[in-house]
Amino acid sequence: MAHLLFLPILQLLLLYCTKSAQAQLNISIGSSLTPQGVNNSWISPSADFAFGFLAVDGNSSSYLLAVWFNKIADKTVVWYARTSSNGKDDTIPVQVQSGSVLKLADGALSLRDPSGNEVWNPQVTDVGYARMLDTGNFRLLGTDGATKWESFGDPSDTILPTQVLSLGTALHSRLLATDYSNGRFQLKVQRDGNLVMYPDAVPSGYLYDPYWASNTVDNGSQLVFNETGRIYFTIINGSQVNITSAGVDSMGDFFHRATLDTDGVFRQYVYPKNIHARPLWPEQWTAVDVLPENICQSIQTMVGSGACGFNSYCTIDGTKNTTSCLCPQNYKFIDDKRKYKGCRPDFEPQNCDLDETTAMLQYDMAPIDRVDWPLSDYEQYNPIDQTECRRLCVTDCFCAVAVFDKASSTCWKKRFPLSNGKMDVNVPRTVLIKVPRSTNSPSVFSSGSSKWKEDQKYWILGSSLLFGSSVLVNFLLISVMLFGTYCSITSRKKTQLSQPSNNSGLPPKIFTYSELEKATGGFQEVLGTGASGVVYKGQLQDEFGTNIAVKKIEKLQQEAQKEFLVEVQTIGQTFHRNLVRLLGFCNEGTERLLVYEFMSNGSLNTFLFSDTHPHWSLRVQVALGVARGLLYLHEECNKQIIHCDMKPQNILLDDNFVAKISDFGLAKLLPVNQTQTNTGIRGTRGYVAPEWFKNIGITSKVDVYSFGVILLELVCCRKNVELEVLDEEQTILTYWANDCYKCGRIDLLVAGDDEAIFNIKKVERFVAVALWCLQEEPSMRPTMLKVTQMLDGAVQIPTPPDPSSYISSLA
């Protein structure tokens, strides 16, 4: 009876051993694969990799012959078969339909389509068997065990640990993530010993000027991705040039790969094999190093479009190591799925037959923040001011963009197509792009002159009639003209009182009080209350039903009545992605109202201090946005604006959680005792710079101090002052953060936040920047330009001194 009980166990053991043995067996002559059914791939012994047919983008009618990571849900492809295109040097991916067969027979491996036509073979004979190795390498071997062909020797866009690229080989990026055709970039191990990265003209394959090189001509040997995860280029004398510098994680715990991605960046990725063993790592591919660090800056060719397509610009998301291509205002992608094709205007091109006045009425020059197209110049002027630079472009039908450099008083005009576009925090020039003017907007170049010409036309017409008519008619005409002149002068005076001239963009719209009362439903829904008044939600009665936020200024100081229009003009001239846009205003009787775009996601105060902490990447995005908005206010707009009351309540979030600063430009309008109850300073407790309490001048550094507090709050997801914390040392965040930084325990600030812990180096950088912003002495604080550079990782950050170290010396 016992032997009967033991029999099933023995059978299971034999079955297990048989399957294990089969996993190690060679792929023998006569074996075959088909795209559909269970026999569609050959698996490596560990099942980490597979070779066979993979549906292209989930499309069951088209299959790729490939090698992929078999244990990862998205089956990440690391190699795919390619064949020459009509006898040309360039290659195309091998994609077949169901019914095709891959067969190892007669000493060769051959892929045939449903009609029996051969579509691919690796051009080797006398093959005895094949192997799919645990390294991800698919090999064909002779009967003697010698390698006849291997996928590692014919790379596509990816290399794996233990893979070596010898002289004359190259990686080709894909065209798109799901289009395996040769893309726009190559990484070549040249026969002259140099490792070079090139932009590639699609579809011709012409190589533009390189954007990175190892500079090892006559010395380089091979590109190595070794078994420990290091990637380096070997030199003939035995030395090595590191290609990536990432700290390598355990090969046992992570899958590794390095890919020349579709954006031209060579990235080294890791993926946790066991998410339970590595709980802090996301279950996805994470880039641990990139080359080059900034593709937008690296590519700049006289021929070709640059990193992105023509008329677009390139931007880097440092938090995710990703590259994006964007279209400027009033432009859209030619093909949304193939953004490398560039952008086109979504308006009619300027007609060269237009006279200057008509051109200025139909077109405007809109500023673009931190974007530049360094090439495409066709005209230069010097010396010149910005207004004239604008005029010269808007009246020139060939001009698409004008660039003005204030320091040198120089203007450049650029024409289509715009190339090498890039977004960069260090763009020192004002970039203006031509866009259509809305039909109801007055000219940016003083509407007065065109109105004067219009008046002159009617005066001339009137004079002609006057001399050619009877006395009675002349008398009536004179009466009408005198009355018209009186009305015109009266109207012009009213216009001058209610709307100052605007020379830098579309002016804010003038609303009547009744319009805003109707839009807000009688000022019913309160969005917030601040020092300058109450903010109400409203909706315009336009074709879009535009949601708005209406600020009713209730405590305007008497001497600021005349300043109101000047300040509105200043605010109305600010155009930036990270500033809440002023749509219009009301200056009727004693009523002073400002109309802003509505921010659907509310304030940073609500967003940050809720029960659920926002993701680290989103907090980073907000921090960078606020920094760039302040940089614009301090250094880039026509008239410097010091906010004086930076705090989370004055930072709003739009539909995409883009941070936008509100309430800027209002400091001059408010009595000093209205910006903070019971104090003689402007600002809010906890965010106020020390110099407010001293008899020294107030500069933009007060905003830098406030930003330092906000930055720490963003890092830690808590308020600066929390009286209910268990540890008394943590009550004031600025003090606690300084203590943690000095002790090397930054991790305590983000305890329980796995995403932040994973990015602890960036957390440390942000805390260091915040501590520099919080220096007691204003001159020790960085400018917002330096702050943005430090946050972006563009400059080294020296160790910040203790923020309170100056207190004793100032006492």
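Cβ coordinates come from backbone N, Cα and C, glycine included.
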Remark   = Among the candidates Cys325, Cys327, the one bonded to Cys343 through a disulphide according to Swiss-Prot is Cys327
Ask   = In Swiss-Prot, Cys393 is paired in a disulfide bond with which of Cys389, Cys397, Cys399?
value = Cys399
Ask   = Do you know which of Cys325, Cys352 Swiss-Prot records in a disulfide with Cys308?
value = Cys325
Key: Residue carrying N-linked glycosylation site as stated in Swiss-Prot, selected out of Asn39, Asn601   = Asn39
Task = Identify which of Cys314, Cys352 is listed by Swiss-Prot as the disulfide partner of Cys296.
result = Cys314
Query = From the list Cys389, Cys397, which cysteine is recorded by Swiss-Prot as disulfide-linked to Cys411?
reply = Cys389
Query = Out of the recorded positions listed (Asn26, Asn226, Asn237, Cys314, Asp645), which are within 10 Å of Asn219 (N-linked glycosylation site), Cα to Cα?
reply = Asn237
Key: Secondary structure content of the domain 'PAN' (352-430), with strand meaning DSSP E or B   = 16 helix, 26 strand, 37 coil
Query = Asn26 (N-linked glycosylation site) to Asn39 (N-linked glycosylation site): how many Å between their Cα atoms?
reply = 16
Summary of DSSP states over the domain 'Bulb-type lectin' (24-153), given as helix, strand and coil counts = 4 helix, 63 strand, 63 coil
Listed in sequence order, residues with CB under 8 A of Asn321 (N-linked glycosylation site) and six or more positions away = Val265, Arg267, Ala287, Val290
Note = Cys325 (disulfide bond), DSSP three-state class -> strand
Message = With every protein chain in view, what's the tally of Cβ atoms within 10 Å of the Cβ of Cys411 (disulfide bond), excluding that atom itself?
response = 25
Message = Under a three-state reading of DSSP, tell me whether Cys296 (disulfide bond) is helix, strand or coil.
response = helix
Remark   = Within the same chain, the residues at least 6 apart in sequence whose Cβ is under 8 angstroms from that of Cys393 (disulfide bond) are Met365, Cys399, Val401, Ala402, Lys413, Leu432, Lys434
